[in-house]
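**Student:** What follows is a single structure, and I will ask about it in a moment.
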Amino acid sequence: MRTQKNDQKGGRGKVGVKDIFNDWDLLLPSTDPYENDDDYDDQDLNEDERRKKRQLNKKGWESPKGQTILLTILVTIAIFVRIWKLAIPSAVVFDEQHFGGFAADYLRGEFFMDIHPPLGKMLFAAVAYMLGFDGNFDFIPGNLYSKNVPYIGMRMFAVACGVGLIPISYLTMKRSGHSTQAAMLCAVFVTFENAMITQSRFILLDAPMMLFMGYTMLAWINFYNHRNRPFTRGWWFWLIQTGFSLFLSSSVKWVGLFTIATIGLCVLKYLQESRTHLYISTKDFSKQFTALFLCLLVLPATLYIGLHVIDFRLLSNTGSGNAWVSPQFQMTLKGHDVLPVMADVAWDSKVHIRHANTNGGWVHSMPGEYTREASKDQAIQLVEWDDDLTCWQIFPADPKLRQRHNRHKQDRKVNPEIEFDGYIYDGDEIRLRHCYSKIALATNDIESLGSNKTYLREVRGIKWLKQPTEETIWRLELIPAGPDGKPTPLPRDHSKQWHSIKGFRLYNEKQKCYLQSHKVFRAPYSTYQEVGCIQGARQKANTIFIIDQNVNPHLPKSTQSLSYQPLSFFQKFLELNRVMWWTHHDLSAPVHGDDPANGGAWSWPLLNRGMSYYGSKETNNYVFFMGNPLLWWAATAAVGSYMFSCSWSVVKFLKGKQETKIERDRITPFYSVASGTFYAGWAIHYIPFFFMSRQVSLHHYLPALYFSILLLVSRLDRTLQRWPARMRYMTGILLMGAVIFSWFQFAPFAYGTDFGSTSRCESLRALGRWKF
């Protein structure tokens, strides 16, 4: 191992391909294309002279000119592969309905809600703006594009991102200590991977996200190569580039958070090496730690927040996303319809009850929807819109109080000067009647159908009776709740009056439970959020509701109205990201039938299923998301092989076997630095999907697939370097040819072109589970 002392003395000459694995510090050589080592033959030469000397020493494809020619050829091929027949189909494909529509919303300045951060959509919108699109088009799946929609230009941006990943994959292999042959092999594999081609031909976020993710890894490797020269210009440049690219990748899709975790793991290894191998002082270690913290955490976070400043300014008008955010948030939008609400809540008030947590949906009931078909009790749920079916009228639970209030109303009609005495206070018992269907809000001792938990009782709508039953009586508890839905307890006090926009809870004494809602569907066959009655709750945010509409003609004319206070920028930022997070978390799988897109994360590495993106019998165009099976399975085999090799090394270590010199100098460093980084990237971008309750699809595997391809080529390179040159080159050509042949067989799926015959399409079904 070399130390800083060794570096100062020099003592290492020109490094060849065979020498790459002799020293694990050389596994990640300098980012400078003219350097292969930190040591120099002639210490009297300055930096520029040393670079020129190395440039002269490199010949053929290894020379700068040769590398430029290779990259140019690879990029040219990638452009042709991804741009061919880009206009087919000339209709909205798959999630173009979302991201094309969001781009149109940006151009119209209308606020919308999406589960992904704004950068990718802003980039597509910028392209559309520069091409003259005015945002007037409905992106409905299957709709043919009109002449005013520059869909080819917008798809070209995705193509450019997909093409950009090719030289990045090439340079990633080169900078991580692999041969030119391995770099070419990796670039060809990425170029002819059918699933990546499909995803980079349409208005989808995956292509820019993959580009930024790939560049993040390249930037980190280049930074790592400067580890022996901290605080130099190159060291700072690539550290800042890594932080900036972390911002880019995490601002397109939150899958970028997995990239941040991957870099975080690399940072831990970097810091460990700095202390154990480079022997830096505590002061220098602290400086490096501070620099890493500022560039890899503070810089991306600051830019991410700054991105939302632009996002809020572009989306300044009210739009389709209003229902997802609080009234306080809507108050910051131009043209909002959030009106002042009567402050006092009284008997006979017709109110709209909104959940303070989750997405702030309204308590809703619709005739004809039942909790269970046999019971014929009307279903109660939470919906994301406000209409006549979210209206409830409040009545006293005590019949005597009801009679007294009715007499009071009659007296005030005769003499309006009589002081109004129908206000509701903390601790009062109330009943709620649906304004439209006249049913009573009730609970019972049956487990809620959606959650199927013993502590969550069913909430239903039953026939309204003049004489109240215990299951329809709710005790009011006032608890203020902010826009974040977090409760602040107040002592129960009967003198406290019920006001709109203030948090409250409803307690049923019979079942000893609180009315609540959470992010679970009401029933397996429903798409509405469940409303239940939870036992044992104390100050849980899911039990808090607010009233955001209040109408009562009996209230005095002097009754004041309350208005929502607009949120500050940081409050808007936090609320939007909170809603994005929970909406992302709560995307559930289809409730009807079997969706091929959701075969389960376990099946992705095996490519058990593809998924349909588009189909038209009229034009005979079908786009089917399907990977290159040969490459897909080879990459999965490489992951399994790496795991087995690492496990075998651990077993040998536990048995007390000492590493041989070749293992210590070549194999172990190779696993821990080059392949280990790629394996970590694969695992971090794949394993979390096993723990997600949300809907997941095959295209979510693409980032992990990219890392598995890097790992495949890394392992191939280590094996091929032991072979004679001619056999090595012939094997590389055969591998590239096999992958290209597999791409050609499945190409019509990616391009939406005709197979020519049904028999040819069916002949490609290597697995019985494949459904084309």
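Cβ from N, Cα, C; glycine included.
Among the features that TrEMBL reports, compositional bias 'Acidic residues' is placed at 34-47. Taken from TrEMBL, the feature domain 'ArnT-like N-terminal' applies to 73-315. Look at TrEMBL and you will find 569-770 tagged as domain 'Protein O-mannosyl-transferase C-terminal four TM'. For 29-59, the entry in TrEMBL reads region 'Disordered'. Sequence annotations record features per position, and here TrEMBL assigns transmembrane segment to 68-87, 152-173, 203-223, 235-268, 289-310, 630-650, 670-692, 698-717, 729-751.
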**Student:** In the same chain, which residue numbers or ranges, 6 or more beyond the ends of the transmembrane segment (235-268), come under 8 angstroms Cβ to Cβ?
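**Tutor:** Same-chain residues near the transmembrane segment (235-268) but 6 or more away: 31, 115-120, 205-206, 208-209, 212-213, 215-217, 219-220, 222-224, 226-227, 229, 291-292, 295-297, 299-300, 303-304, 307, 580, 584, 677, 680-681, 684-685, 688, 700, 703.
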**Student:** Same-chain Cβ contacts of the transmembrane segment (630-650) under 8 Å, 6 or more residues past its ends?
**Tutor:** 189, 192-193, 195, 605-607, 668, 671, 675, 679, 682, 705, 708-709, 711-712, 715-716, 738-739, 742
**Student:** Do any residues of this chain, six or more beyond the ends of the transmembrane segment (729-751), have a C-beta under 8 angstroms from a C-beta of it, and if so which?
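**Tutor:** Result: 84-85, 88, 181, 184-185, 188-189, 192-194, 197-198, 201, 610, 622-626, 628-631, 716, 720, 723, 761, 764, 772.
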